[in-house]
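J.: Below you will find the structure I want to go over with you.
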């Protein structure tokens, strides 16, 4: 479901300016526990290894079976950050008493999140945020483990809202936390059960769209509980954009077109994090990459990284591949498409399906030929073919996969945001939208370092004093650029 | 069919030492024509563009339809080198009178090769070199176009030899050229119809295995016609190994495991062309790569390229991925496999299926779980899983695709070798195995430059004299290292 | 002069949290003019080319001669952004009436800045911020051109303060703007002529140290005029740190040690912008790089970029080069130095001279041997030598050069900051420290794009509306990470 | 001295075709010893470490002092391969009885070579191959150590030949081996003392020019002793060209012009090993690189490596830097120079000083201004300046330094070639020019691996049999491309 793709977003900047940040790290009781207990931390490292060694122990068997069927990614090691968090915190049950209603994709990785929330003391009721993405065997395994799950692959729109309703509307059980992805659950509660908000301690939202809706509510003065925007945490952003796209641009293009990258001329529209990731990968594999940009600072970065910055018209006749990563609309127009050479590949890594003007291609003189799933040849009267991928929707979501490790970053961030909002003392958070505190962002990162066998250095007391920093972080000012 | 995978190969070096090379470029009448006609060359460039613009012209429609169905790769532009050769040479029909019997994979790209041979004057009869790889719609389109094709997907072993026999054994038609891939056709002719060799002007062979068989025949004094080893031409080698593996290692790993490359520790066994390609790609995407080598020169190259050179035992406990590229056998032993960490991925990019000792894993205490096509989890009694790809067979052939451009290099090389052997004056080639003359290798490369819009510089007379070179090449000594 | 190197800095974060930002771009009359005049912009492009073609025109001859003598860098093209700004704005004389007292390094590039300020209407009096760095011929040329300059190479401390005093203390001329680098000038005015501040409209400061002093004044409630922190503008930061260090780490090491990078093992302490720049360059040239970090987010970035994150002790015995980039103190201790292998090179790219504990090496059992300027061999009793560069001071400042282009970024930023503070309407800036408005940062970047022949794309009205952005920028929220 | 720079060379290919190769590795008694003694090899590793720890032991003090004064490069570790060879072989004194007359650059690294030859049993007399390059303190230290050295910095031409004569012409001492660099010594012996060749067992020559002279002698039937062309050994070639140029292009440009590489447009003429090295480095630092090529195979490699292949005229107006690496003459003509933009930098990394037509710039309308050592501004009448480096001579020799490690490769190769020729049984080598046997090339590489702490893998007997290789090498066929 979620919001219609074509709905315009206001400038990202505008939204973020409103984001409140909490700066005094010492206020977080949970974080304080975590970071002040080096002895337990060593303990945790042992635990994690044990987990890695025996991933099929009693009690998790049925779920891990369903997961291993649906993914061959190295599940157990790549979700280990969340498992660490679980082991670390399950003694103090920071979510004891929490009644969480959730609406997310229902996949193996989500299951590990839900399991973790339960292990930390929460009760959960869950529905799907998308009518197609539910892995039925995961839903079944969750249900078998006692979680109330209302979701299946291929729901109708009515089904979709019915499922959400069943999560919220239950006698004798009232949610006090919301975990949302896209804002549909939040929207439903606002519309049907506004009284529920009297008990809600907070909303955690992870999508661009959902966050946008929250900012709109906030602007309109209608946001009646604190909300945490986990979408814009540094760690999640870097993985969702720079690191993930660096790999998925190659994967998506290969799976759909088998194109050889070496020597290909490629134009990438937009040199933000997504564009930077795409360009780095393509350049490394021998493509010649051109950039288009509206922002002179990003354009200067492209220059320094070795890319020519051009207007799209300057290169459109010569390039083999066009990739959009702007967040903008109509970046590739029919006029551009008319001028592309035969066999040019066109795809979108940016925002929804607005970047390429696909609608302009649905005219009688052009023939569409579906040559493979997600691959259309659009054929001009003179025989020229343009290869359009995923009909202009996001290539990485449509034609490649997201590594479990990236999902682990998101899930860990969500869990920490829930813990923080649930445990925050009265008054720390107002009825507003907040960014994840930097210290928690750093904690998410630190939970993922063991996967790489990375060893952090600790500040000495003397050094911490010299730098004016707490030894446990946060280590950077809020707007440090990374 | 082809030879059993486990059959030992003698040292590559030994074979190649016998390869004869023809050095006087002026001897080749065909090449002379080609390279002395700059005016026609311009003409050719125009032709090619025309082709690119109208890829569905009458006469090629049925075939190109079948091709576009089986591949979404940019077919018309990526096979353009062969089309150029066709247009360039079809006036003089350099294969007029040639009766070519062929045994290769039957794919869209092969079809373009066969079409080209016919356009240059040859008659062709064809069978498949592999019982699984035939694209039936391509075979049908070729038959429809009047080529005698005997092949289908899923032949039995009897079918396989029957098809070969039907190509060779025909009243009133006797082959005078052989194009082989793997040596089965050559073997059959030797065994069943040795008299055919009285008319054969030459054999063109493109596989490691087939070339090996030819050298064995030569050593044994049984090779009774000239043979051209196109497998070891510079251009083909670079594309089959360095350039192609640089892309297919990423593709193969992603399609099978969705692994994230960033931060992963990988050991690559062997730093030859295949290893160099794999390492460059993995390093570029943020993996930390270790190398094992037996050859100190390659080891020193690895050092200079920024990789630590280790013995496998030094890193086997810590790596996330193991990739073999040695051409050797039992490089990864059961002992290594026992020491790998949970979720370690093991695969082979090198030679047949001998590099990883897969047999050693077929013991009762280990459980095999097939989690996806080409992906097995081998599970140790303590729960540790090793992710084995393609049961140790070649990852890039099993789990990724080969870009059309690479196949174009091979097909063009084969066509030129056929033309050369067919037109060579008496006495130029003896009953021996020859490498493709460097000048022809350079010509293959030059035919592929227009795809990249690359513009060669020509020597002035004065410069050519200074360098002691012919302006049309060859430009390098035979063993220049590129 | 400037502050003593060893003086501790408070956490960078702390300072920056106080930085105020002005967000409404439309407020700046100067910027509005600049960005609303596309026609004049084209004019300017022509002008600039003309300049490039005729760099020795009357009126600039003497200065450009002295500059060309002191630098072989492509002076005229690399300072072209500032020249553009000058040509662009000299019609409206935005600094008419400004009386600027400056204290900076006096080099060819500074001269172009001063010339520009004068051309825009200002009167200038100038002294040097460092007793060694003055290029005498530049000072002479400036004086000849009518600027009051008080500086020479090799001043004594008394000379230094006398020069500053001469700039400030003049009958009948009172400064209304301060351009400082290090804070000594500002300090002197506070101490000796506090009344001057009654006329001062603002201070522009570009150094870490000077900015720190301003924040201290601000905290103490003693800052009595607005100040602009140009040190932390995005563009300047990226060039001073990431881009510049990427080149100067190689340059500094080569000039001092002639070391070959290929295959060398290097540990880089700190993966901030400076560390990222160093690592990218070293990795690209075949070094094997290890990272130490205290911040888990930066550590995770290092992992994703392909570097092993270790504690210094883990690798200190094996590395060939140690580079500090932390901003911290005593990162490399005597204990580390004792364990380094023979010929290990140690140097600092980070903050002042605190990162390596050089003092600990001045003990009787160690012999120091100066083998070249900026290169000491410290020799242990057993003969082991450690190669210490620049006695632990900044390698890039001591042993390599800063490209003119980087200086142009800084000078342009300073000029814009002066224009903004001088023209700001009453009340826009309080008695506080401000960051350069993002729109101006973007303008600095845009002035440098012509050097790369980079062509920006402009938003259509429709796109600007969709994104909620002004077509002329700013294009990103204040804390966008770039 | 050496040959006039402008003297035309015949095609490299032609020369090399004549090079003879010895293939049966078992023939070499010395190599057999070396490679069959794993126990001693371990011993040697210990020895080497001991050396590294105590580089100033008695007996080497005076020399190492002079060396440390002239170079801050990590002398002791970077020449360790030669020291290893010395330690390894000094027991058997493979050069006992050898009387070597040498003519090379006289530097610290040469001194280590001469010391090694003496330690292995040889007597040496030495002169300089260049009138400028002698390090006087090194010559003095060698003399003090008892070697007959005739050389000083700044010899006249008469001095030069007098020194050579003094080496050869001595009563009671007659050379039986020649080590030459450039061919002047060999030439002198031919001219003045042809009888000396009756005792000479062989010539070892390392320069392109000297090797060319030997091939000319051989062609003319005048070569009366075996000669070893060490210039074209794989290891030396890779280090002299690819690896060394990858670093020295950056170093040479920085030291002369302080240019910033990021975003600069550069055209590199020639994509051989030198060009490949330059391009890799420049691309890595953010330059945009174009290639010109005459050879379609190299051009195709450039495409696959991500560079646009153009004719020089297509980009000459837009590039910031022009670099020649062709081995050809007049690659950059006056016409090109006329069209370059202001501040364009022009330099040569290829062959002698023929690549840029510098002579064409010595015309009255152009003004030359020397702005720094090795840097000229050539000024057109309209004020345009072209920045010419080293007057078109080799940039890396003129303006950067060669790392000791590279010199170690050469010196080790020379020492092994001397040992081989001196010990070869009658009849192994005829009166011809030979390439270094591959096994020795591999040995040179293996001696340099300990510097990188690289650990070779050994073949098992079974694997060696499978591959048809000797476990001790050689591991590749003669013309393997690396």
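Backbone N, Cα and C define each Cβ position, glycine as well.
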J.: Would you mind telling me which of B:15-34, B:35-54, B:55-74 TrEMBL tags as region 'Disordered'?
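T.: When B:15-34, B:35-54, B:55-74 are checked in TrEMBL, region 'Disordered' belongs to B:55-74.
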J.: Which of B:169, B:176, B:195, B:396 does TrEMBL put in the same NAD(+) site as B:272, B:273, B:274, B:275, B:276, B:277, B:293?
T.: B:396
J.: Taking only the Cα atoms, work out how far residue B:236 (substrate binding site) lies from residue B:273 (NAD(+) binding site), in Å, as a whole number.
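T.: About 12 Å separates the two Cα atoms.
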J.: Is residue B:396 (NAD(+) binding site) helix, strand or coil when read with DSSP?
T.: helix
J.: Any idea what the Cα distance is from residue B:273 (NAD(+) binding site) over to residue B:107 (substrate binding site), rounded to a whole Å?
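T.: On Cα coordinates alone, these residues lie 26 Å apart.
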J.: By a simple count, how many Cβ atoms lie within 10 Å of the Cβ of residue B:240 (substrate binding site), its own Cβ left out?
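T.: There are 23 of them.
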J.: Please give me the CB contact count at 10 A for residue B:276 (NAD(+) binding site), counting all chains in the structure.
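T.: Step by step: centre on the Cβ of residue B:276 (NAD(+) binding site), count other Cβ atoms within 10 Å, giving 24.
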J.: Can you list which of the binding-site residues B:107, B:274, B:275, B:277, B:293, B:396 come closer than 8 Å to chain D, going by CB to CB distance?
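T.: Near chain D: B:293.
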J.: In whole Å, how far does the CA atom of residue B:107 (substrate binding site) lie from that of residue B:275 (NAD(+) binding site)?
T.: 28
J.: Tally every other Cβ atom lying within 10 Å of the Cβ atom of residue B:206 (substrate binding site).
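T.: I get 25 for this one.
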J.: Which secondary structure state does DSSP assign to residue B:276 (NAD(+) binding site), in the simple three-class scheme?
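T.: It is helical.
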J.: Between the two most separated Cα atoms in B:107, B:181, B:206, B:236, B:240, the residues recorded as binding substrate, what distance in Å do you get?
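T.: The substrate-binding residues span at most 18 Å between Cα atoms.
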J.: Do you know offhand how many angstrom separate residue B:274 (NAD(+) binding site) and residue B:240 (substrate binding site) by C-alpha?
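T.: Just about 8 Å between their Cα atoms.
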J.: Reduce the DSSP letter at residue B:236 (substrate binding site) to three states and note it down.
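T.: In the DSSP reduction, residue B:236 (substrate binding site) maps to helix.
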J.: Tell me whether residue B:107 (substrate binding site) sits in a helix, a strand or coil according to DSSP.
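T.: DSSP call for residue B:107 (substrate binding site): coil, neither helix nor strand.
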J.: Using a 10 Å cut-off on Cβ-Cβ distances across all protein chains shown, tell me which of the binding-site residues (B:272, B:275) has the largest neighbour count.
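T.: Answer returned by the neighbour count: B:275.
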J.: Taking DSSP as the reference, which of helix, strand or coil describes residue B:206 (substrate binding site)?
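T.: Going by the DSSP assignment, residue B:206 (substrate binding site) belongs to neither helix nor strand, so it counts as coil.
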J.: Can you check which residue among the binding-site residues B:107, B:273, B:274 has the largest number of Cβ atoms within 10 Å of its own?
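T.: The largest 10 Å Cβ neighbour count belongs to B:274.
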